[in-house]
């Protein structure tokens, strides 16, 4: 991508990167969960999430450093190849998953790895549990036809696991997290901060909080439990999205007026403003919604909240406005509520990251029976990226069509639905050996009292 000579080559490179990220997003948490002791399994999958969010934070810093360099975007894309090369080299030293080795009949290799993972007093029990689980699934696979969708859905444990796993991935995306991460500079501008550099710097805070939340998840995921952590997370997300909805709605209602006198000082007046029959009702928001051509708002020089000018959105207008020591707005309007929006954004990340940022990946890495784990993990991974695509591609269109406030309100409604979904469909897998998760799914009923400790499945059999 860094060496691309035209957009087509850039897109081809992006397709390969997308394939790589998609496969890694499924394989990494799955491998970690299968090669981890039960007591720290959730923490180690959470560590994977922290390293991803920490990497996002570092990428913001690196991109900021390259904003002044020649060939800006080429450097941003090219430097990303370095950690990928390092990772390829280091991965040659990784052992295979012991569960996968057992599935392939390579028992001695699997036992050797299990002895490295578990303390001596637990090894024999783990080897026996793993052997029984694999033998049962091999016997089942030999006596049945190939895996197909109908068989997956007819298998109780798999069906319930898919409900929980894919549902969590859908809600993870449809409460708007990647919209916030991808478009945080834009959201900051929508909150009334005009400068691109200021928006990028403030979005660094968002990225940093996301990484910090992942650290919290490492500590709490195996102490609090997956289900409770997801519910606390979604509840906080609802509060944060409510604050963002109110803040952006207030910003829209109290948007600065457009002054005909201020606008007359410039020779690039917005055509829609010139032709309107009632210019006295125009506000900054009305100006930004003009579409033939698009227009921008040039704020008053001393007080941004005073009436300003509505001009055609182009580099000429931006330069003229800046030369007059005014701020130029094309995505959001000057607002006294801008800092409330930043607080709402920070709260959103603080609540989302430790819970819904990590729990879906942890649950999906441990909830499926071994025989179906690859297929179901792939389905869940596909679900998350398709949902990601839908939300990220529709966000800016939604903000244009219904406004930023109502877009955040939609995310909030989805989060409320997500709370009920987690209560009804998601089991608590904290401390449950992976060989027993299948039994739990087969016999579990809806557990509304999620805060009560569930007895070990092995005690019931």
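Glycine is no exception: its Cβ is also placed from the backbone N, Cα and C atoms.
TrEMBL tags one of the stretches 127-150, 199-222, 271-294 as transmembrane segment, and that stretch is 199-222. For the transmembrane segment (229-248), the partner stretch with the highest count of Cβ pairs under 8 angstroms, out of 12-32, 44-66, 72-94, 161-184, 337-363, is 337-363. For the transmembrane segment (44-66), the neighbouring stretch richest in Cβ pairs under 8 Å, chosen from 72-94, 161-184, 199-222, 402-426, is 199-222.
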